[in-house]
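Please read the structure below before turning to the comments.
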Amino acid sequence: MRNRFVSFLGVASYFAAGNFHSISHGRLHAAKQIAHTRAVNTNSTNFARVAFFPNGTLSGLGLSSTCEDALYATVDCDDEISSVMTDGYIGSLDNETLTDLICASTCEASIAELYDSVSTSCGDSAELIAGISYLSLIGQVWSSWNQSCFVDLTTGQNCNDVIAKFDNVTSQADIATTDLCSYCYVKKLEMMQADAYSSAYNDDFESEYKYVANTCNLTVTDFNATTSVFNASLPATTSTCLSGNTYITTDGDTCDSIALAQGVSAATLFYTNPNILNCSDIITGTSLCLPLTCTDLYSVQSNDTCASVAVSNFISFSDVINWNSQLTWNCSNLVSPDPHWGSVLCASAPGGNYTGQALTTTSSSDATDIVDPPTGVTVAIGSTLDCGAWFVNEASLGYNCSSICLSNSIAMHLFVDANPSLNYTTCDSDLVTGDAYCVDPLTNWEYYSSNTTSISTVTAAISPTWPVQTGIDSNCDAYYEVQSSSTTASSTPAATTAISSSTPLTSNSTSTTVTPPAATQSGIPANCIEYYVAQSGDTCATVETKHSITAAQFLSWNPAVSSDCTTGFWADEAYCVSVS
């Protein structure tokens, strides 16, 4: 799990470049105390308790034993509590079941108890890094819970869900007064202004709050952003445009109009340019870094989902997410107005399809040979070994994913595909210090493993191992057995035995292959012989139990799935459950 909660708590939010668009748009407001107002929520559920800091992860950091023990305490919350952690705007989760799990009253009470315990045992001087105290991190969890779970006092509905149903308008003046002055909307702005743990309350929201106060005759004494409890200095960064192409905006430009004219994703354009404050009205003369171009664009419709976009364009769900950086891992903001990034997506790989180097198994030492990983370093989990060059992530270099790609002339999407322990949207924080990453995968690296042994050339005719009809040509070099419809694909009903005399590889082989019954993610081994299409309600654990495999096997065969199964696992996608 690699200390999941440690990575998601505040530090990652502020120092992992690009994880949330609002981080780069906003600023870390400086410190003003806020009283925690408990949201009205009567849901009560029993959960396996969650540790924000797994036992032992804080040893050796100079904390008192009392403080360290307090931080290891667990809370009575669902593990999905991590999904509400953000330095940006907190909106609807678009999932009633998930909202109920996160917003159980037992969770809030447990967080409050932990906050009091850490306050007593650690105070506000014990810091994870200079300027970020442990107490402030627990406070951030509490604040995020409050803003995720507050409800309408009359109806009991989650206020974020209520706000999400407001009419989609382009001007404040077009918002219905009943919505504008509703308890939920006014309370939302009040909580954002008072939040000392987030930079979401920016100049735009301040103007919005003033407009609401004036329209609704509210008495508000302070519209200024609350000073942050975080006093850490952001590290100096250099701005680099990955594509090398910039664009100066003209009057009337929008994210969509630029995306269509330049052949890029509006989502990625918004994500990578923090100087875009409003995608519908970009300030004239703004200098923008253009994303890598893509040959196929798609305009999102109001009833679209990432699954429907994928089906319409013959690509996978994960492709939609990976090629359009502003989209969240579960695609919850595809048509969201918070913030509205536009509607134009890349439906093909940004930068084009990579052809790679020629794969060779000769003994020559030219640049097309497979290069062994550097001696004495650990290869990142799942990284291809069919690789012509490696990058070791040394702490002294201070590289992020963009700088690694630039210095090694590799497209970001290819870098992530060749190293599946990295996620396109969280790449910087996924990098492990000291690990080696492939930065030059060879041609056909997805299909051939450098650990396999070459076998002798097969020259004899292919003989099928099952009954066939009469009259089939004796020169047939491939057979396919008709299969019945099933959500599980295995080598028995979908066996193809084939050999090609024209393939330019150094060895020919007789093989049994399986066609996945649905979209798959990168990293699945070529020798997978059985797939399972995840159904609604499935988890990694249920799939493992159903197919009598271990968690280690499932994660090894499906490296795009995170170790805790919270990312990379979606319904209607195929996962490998057996290999030859």
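Just so you know, glycine gets a Cβ as well, placed from its N, Cα and C.
For reference, Swiss-Prot has these:
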CARBOHYD  Asn43  N-linked glycosylation site
CARBOHYD  Asn55  N-linked glycosylation site
CARBOHYD  Asn146  N-linked glycosylation site
CARBOHYD  Asn168  N-linked glycosylation site
CARBOHYD  Asn217  N-linked glycosylation site
CARBOHYD  Asn224  N-linked glycosylation site
DOMAIN    245-290  domain 'LysM 1'
DOMAIN    296-342  domain 'LysM 2'
CARBOHYD  Asn303  N-linked glycosylation site
CARBOHYD  Asn353  N-linked glycosylation site
DOMAIN    391-439  domain 'LysM 3'
CARBOHYD  Asn400  N-linked glycosylation site
CARBOHYD  Asn423  N-linked glycosylation site
CARBOHYD  Asn451  N-linked glycosylation site
REGION    498-518  region 'Disordered'
CARBOHYD  Asn508  N-linked glycosylation site
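Between Asn303 (N-linked glycosylation site) and Asn55 (N-linked glycosylation site), the C-alpha separation comes to 45 Å. Neighbour density around each Cβ, counted as other Cβ atoms within 10 Å, peaks among the glycosylation sites Asn55, Asn146 at Asn146. When secondary structure is read from DSSP and collapsed to three states, Asn303 (N-linked glycosylation site) falls in the coil class. A helical conformation is recorded for Asn146 (N-linked glycosylation site) in the three-state DSSP classification. Comparing C-alpha positions, Asn423 (N-linked glycosylation site) sits nearest to Asn146 among the glycosylation sites Asn146, Asn168, Asn217, Asn224.
Residues of the domain 'LysM 2' (296-342) grouped by DSSP class, helix first, strand second and coil last, total 14 helix, 3 strand, 30 coil.
Nearest Cα neighbour of Asn55 (N-linked glycosylation site) among the listed glycosylation sites (Asn146, Asn168, Asn224): Asn146. Taking the Cβ of Asn303 (N-linked glycosylation site) as centre and 10 Å as the limit, one finds 7 other Cβ atoms among all the protein chains shown. The shortest Cα-Cα distance from Asn146 (N-linked glycosylation site) to any of the glycosylation sites (Asn168, Asn217, Asn224, Asn400) is found for Asn224.
Taking all protein chains in view, 18 other C-beta atoms sit within 10 angstroms of the C-beta of Asn423 (N-linked glycosylation site). For Asn168 (N-linked glycosylation site), other Cβ atoms within 10 Å of its Cβ number 11. Using a 10 Å Cβ-Cβ cutoff, Asn400 (N-linked glycosylation site) registers 19 neighbours. Mean pLDDT across the domain 'LysM 2' (296-342) comes to 82 in this model. By neighbour count, meaning other C-beta atoms within 10 Å, the densest spot among the glycosylation sites Asn217, Asn224 is Asn224. Nearest in space to Asn217 (N-linked glycosylation site), taking C-alpha to C-alpha distance over the glycosylation sites Asn168, Asn224, Asn400, is Asn224.
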